[in-house]
């Protein structure tokens with residue numbers, strides 16, 4: 001059953017696991033969109049992640065600290081997490097919403113989650129595949145639901161790190177500074193140089209004046 005709620009609910013009876021899902025990178029001009037998924041057993045003690053916040057409210061250093069915490073909990077066997085990506089080319093070809101859904105499915109496949117055993121909580125307007133009967137989309141869930149906040153951290157940190165690596169391949173765009181988001185410096189670089197192979201051409205049309213890709 002698909003629901004949209006503003007209040008939180010206990011994990012449904014019969015469900016062994018709880019999954020949180022959130023995305024990062026919906027708005028950038030360049031780079032992929034990412035979707036993070038975190039799975040815990042239904043009796044996971046969320047006091048172990050007390051203080052977790054929406055990734056957008058944290059500094060980059062704080063996000064890195066929380067990501068390290070996620071890795072520690074994974075090593076302990078307390079949770080698992082995965083991040084799926086859809087490239088700029090997929091976004092241009094299919095649109096951002098289908099691209100996000102593809103990345104979401106990749107993350108769930110990596111988790112090897114059994115739909116019949118999992119309740120899924122998603123942020124904003126996200127939906128999981130229909131096989132996950134118990135799923136709830138929570139408005140502002142990244143601010144109120146710890147399992148979604150953890151997923152947001154995973155999605156944001158892994159995407160940012162990928163953009164840092166891509167900055168070395170495309171140094172003229174300054175990806176290390178803005179991670180592909182449409183800052184003034186990034187927009188000016190696109191106007192001056194055109195788009196690279198990792199730009200979302202559909203997002204850059206108003207900035208382009210017949211310039212070639214690099």
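Using N, Cα and C of the backbone, Cβ positions are placed for all residues, glycine too.
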Look at the divalent metal cation binding annotation in TrEMBL, where 22, 23 are given, and name the residue from 92, 123, 160 listed for that site too.
123
Where residue 23 (divalent metal cation binding site) falls in three-state DSSP terms:
strand
Which whole-number mean pLDDT does the model give the domain 'RNase H type-2' (16-214)?
94
